[in-house]
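Participant: Below you'll find the structure I mean.
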Amino acid sequence: MKIALLGYGKMGKVIEGIAIQRGHSIVLKVTSQDKNYNLADVDVAIDFSTPESAVDNITNCLMNNVPVISGTTGWLANYNKMVELCHEKNGAFIYASNFSLGVNIFFELNKTLSKLMKGLPQYSTSIEEIHHTQKLDAPSGTAISLANDIITNSEYKNWTLETPKNNELGITAKRIENVPGTHEITYESSVDTIQIKHTAHNRDGFALGAVIAAEWIVGKHGIFTMKDVLNIG
Ligand SMILES: NC(=O)C1=CN([C@@H]2O[C@H](COP(=O)(O)OP(=O)(O)OC[C@H]3O[C@@H](n4cnc5c(N)ncnc54)[C@H](OP(=O)(O)O)[C@@H]3O)[C@@H](O)[C@H]2O)C=CC1
Ligand SMILES: O=C(O)C1=N[C@H](C(=O)O)C[C@H](O)C1
């Protein structure tokens, strides 16, 4: 496949290596310096850019009939607009807050645990995420996905980065040098603690998942998720 990398930073560079190993060519690499890039002759685009640029990148792809995978976080207020545009253009689009197989298994574990814990008010729930100090958004997209799944299965109504009040699920976002991504969910009672945790050791899992999603989406039309790609859950 001929792949366009929209964003050629920490993730773009790891994706490039994995895509080439899997026999693909990188035909376009876009950074903040490339304002008017050309998507002609591109089979699929992979966007790992910035919260400010993701919507423009996804829009460009859909307007040019290029299937697009986006892993960029921090732009989800505009997700429904991208869904509408994708339907209007009969395009193909996947957003995932986390492309790694391990985190997608962890998402399923989180849903199952939150269903088990529903109706047990003696446990209070919290989420902690830790990432490297260059990360632009907080909380992480992955923490938001985890929180939304807990909210669906519990009495919590919304998440907060502040001290949680009634019916608020607290998320703590820590920034520590060189941490690729750690997410932990804690259920705490006066007598015990239940915790589940995912720790990324590097960025390879995210990048491999994004390339697998790009391979999977070519030739399809619609909005998909990593659940469709990985066929889990
Ligand atoms: N879903 C997932 O599995 C994962 C998601 N992420 C997310 O991916 C995103 C990127 O992460 P990371 O690679 O670490 O970030 P980096 O800051 O290392 O890279 C961002 C890249 O985007 C480029 N960029 C800036 N503006 C534009 C633009 N207008 N069009 C295209 N590219 C642009 C930057 O260019 P320049 O170098 O010129 O500044 C840079 O190359 C983040 O939102 C992060 O949260 C990260 C890991 C996994
Ligand atoms: O910015 C990152 O690095 C990461 N971002 C994603 C997120 O916001 O959840 C995924 C991963 O944790 C790494």
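Here the Cβ of each residue, glycine as well, is placed from N, Cα and C on the backbone.
As annotated in TrEMBL:
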type	residues	note
ACT_SITE	His131	active site, proton donor/acceptor
ACT_SITE	Lys135	active site, proton donor
BINDING	Lys29	NADP(+) binding site
BINDING	Gly71, Thr72, Thr73, Ala96, Ser97, Asn98, Phe99	NAD(+) binding site
DOMAIN	1-99	domain 'Dihydrodipicolinate reductase N-terminal'
Participant: DSSP-wise, what's the residue breakdown of the domain 'Dihydrodipicolinate reductase N-terminal' (1-99) into helix, strand and coil?
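Facilitator: So the counts come to 36 helix, 22 strand, 41 coil.
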Participant: Of the binding-site residues Lys29, Gly71, Thr73, Ala96, which sits closest to Lys135 (active site, proton donor) by Cα distance?
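Facilitator: So, spelling it out, the nearest of the binding-site residues is Thr73.
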Participant: About how far apart, in whole Å, are the alpha carbons (Cα) of the residue listed as 'active site, proton donor/acceptor' and Thr73 (NAD(+) binding site)?
Facilitator: 13
Participant: What are the other residues, in sequence order, whose C-beta lies within 8 angstroms of the center of the C-beta atoms of Gly71, Thr72, Thr73, Ala96, Ser97, Asn98, Phe99 at the NAD(+) site?
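Facilitator: Leaving out the recorded residues gives Ser70, Tyr95, Gly141, Thr142, Phe206.
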Participant: So the record assigns Gly71, Thr72, Thr73, Ala96, Ser97, Asn98, Phe99 to NAD(+). If I measure every Cα pair among those residues, what is the longest distance in angstrom, as a whole number?
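Facilitator: Max span of the NAD(+) binding residues, Cα based, is 12 Å.
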Participant: Can you name the residues of this chain that are 6 or more positions from Gly71 (NAD(+) binding site) yet have a C-beta less than 8 Å from its C-beta?
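Facilitator: Same-chain residues close to Gly71 (NAD(+) binding site) (Cβ under 8 Å, separated by 6 or more) are Met11, Ile46, Asp47, Phe48, Tyr95, Ala96, Ser97, Asn98, Phe99, Phe206, Ala210.
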Participant: Distance between Thr72 (NAD(+) binding site) and the residue listed as 'NADP(+) binding site' at the Cα atoms, whole Å?
Facilitator: 16
Participant: Look at each of the binding-site residues, Thr72, Ser97, Asn98, and point out the one with the fewest other Cβ atoms around it within 10 Å.
Facilitator: Ser97
Participant: Of Lys29, Thr73, His131, which recorded positions come close to ligand 1, meaning Cβ under 6 Å from one of its atoms?
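Facilitator: Near the molecule: Thr73.
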Participant: Distance check, please: Cα of Thr73 (NAD(+) binding site) against Cα of the residue listed as 'NADP(+) binding site', rounded to an integer number of angstrom.
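Facilitator: For Thr73 (NAD(+) binding site) versus the residue listed as 'NADP(+) binding site', the Cα atoms are 19 Å apart.
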Participant: Neighbour count, 10 Å Cβ-Cβ cut-off, for Ala96 (NAD(+) binding site): what number do you get?
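Facilitator: Taking every protein chain into account, the count is 26.
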Participant: Just checking: which of the binding-site residues Thr72, Thr73, Ser97 have a C-beta under 6 Å from ligand 2?
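Facilitator: Within range of ligand 2: Thr73, Ser97.
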